[in-house]
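Here the structure comes first, spelled out in structure tokens, and everything after it is commentary.
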Amino acid sequence: MNSTVVRALLVRGMLAGLGAGTAALIFAYLVGEGPVDAAIAFESAGAHHEAGGEELVSRSVQSTAGLATGMLVFGVAVGGIAALAFCFALGRIGRFGPRATAALTALAAFLTVYLVPMLKYPASPPAVGNPDTIGDRTVLFFLMIALSVLLATLAVLLGRRLAPSWGNWNASVAAGGAFVAAVTLAMVVLPSGDNVPRGFPATDLWEFRLASIGIQAVLWTVFGLLLGYLAERVLEPRAAESRASALTA
Amino acid sequence: MAQSTAAPNPTPVTQAITPLPLRSVAPWAVFVGILMLVLLYFVGAEQGAVSALSGEGVHEWVHDARHLLGFPCH
């Protein structure tokens with residue numbers, strides 16, 4: 001019985017991820033492709049490694065079908081994982097209904113898996129990043145994500161431990177403060193990953209990174225709202241129905 | 001839609017939600033979780049630092065998404 005509920009939520013999580021990936025794709029196509037093209041133009045002007053070789057996948061395919069593949073597969077995959085986190089969080093993080101739990105799960109994922117790690121190792125356009133250090137940069141990038149998720153989990157456990165004696169507000173503030181302090185320490189200790197070539201336009205770098213933040217913000221916002229809507233219809237069909245009839249009445 | 005207008009005063013359910021038992025979440029988390037991580041690997045990291053397949057096809061195909069989603073690309 002419960003296993004069917006988990007399966008139903010998982011399927012809806014992946015559907016919500018597909019919808020979120022579609023929204024992110026539209027945003028990325030409209031806002032993100034400009035800075036990518038500008039970076040590639042800078043790279044070709046410098047005419048080093050990749051520019052000379054034969055193109056395996058043309059730019060017009062990369063910026064349409066390629067971009068769509070990446071965004072949609074990413075959306076479905078993180079949607080599935082976030083739905084599992086939602087199943088775990090439901091009823092365990094306080095008195096929140098399905099929609100609030102879905103919104104909080106999406107917010108937590110955006111913050112811990114994307115925003116906090118990107119403060120240390122931000123998204124970089126083509127031409128930024130030395131191909132010789134791709135191994136180190138990949139390890140540090142995933143290490144930062146793992147650390148951020150781990151520290152956030154510890155902070156939530158700390159908050160729950162303190163809540164009975166300190167009250168919900170003070171416990172949440174203390175847990176949030178501990179998370180910020182621990183993440184700051186990790187960022188100070190880990191090596192810097194930046195490798196911007198001389199002469200790369202600062203405006204283009206800023207626009208690229210802003211587009212990257214926007215893509216992830218769109219993805220997780222749409223995901224949280226869609227999953228909440230779909231999950232409520234699975235878990236509390238009567239509440240969902242009465243809300244729908246209040247709208248149409 | 002028409003039938004549900006006759007429903008009694010809509011009172012939202014406010015009782016606390018019972019958590020789903022871990023035993024029913026765990027099998028899905030293991031099997032589907034791993035499958036999803038494999039998908040993420042192909043979008044985010046294949047033919048970057050490590051390659052399961054030879055060549056550059058996967059890397060080049062998802063190139064723009066990989067950069068814009070924040071993964072280290074090349």
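Just so it is clear, glycine is given a Cβ too, placed from its N, Cα and C backbone atoms.
Copied over from TrEMBL, here are the features:
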TRANSMEM  A:9-31  transmembrane segment
TRANSMEM  A:65-90  transmembrane segment
TRANSMEM  A:102-119  transmembrane segment
TRANSMEM  A:139-159  transmembrane segment
TRANSMEM  A:171-190  transmembrane segment
TRANSMEM  A:210-231  transmembrane segment
Most CB pairs under 8 Å with the transmembrane segment (A:102-119): which of A:9-31, A:139-159, A:171-190, A:210-231? A:210-231
Hey, does the transmembrane segment (A:171-190) touch the transmembrane segment (A:139-159), meaning at least 3 C-beta pairs closer than 8 angstroms, sequence gap 6 or more? yes
For the transmembrane segment (A:9-31), the distant same-chain contacts (Cβ-Cβ under 8 Å, at least six residues beyond its ends) come to 63-64, 67-68, 71-80, 82-84, 86-87, 211, 214-216, 218-220, 222-223, 226-227, 230-231, 234-235
Within-chain partners of the transmembrane segment (A:210-231) [C-beta distance under 8 Å, separation at least 6 from its ends]: 9, 12-13, 15-17, 19-21, 23-24, 27-28, 31-32, 34-35, 71, 74-75, 78-79, 82-83, 86, 98-107, 109-110, 114-115, 118, 122-123
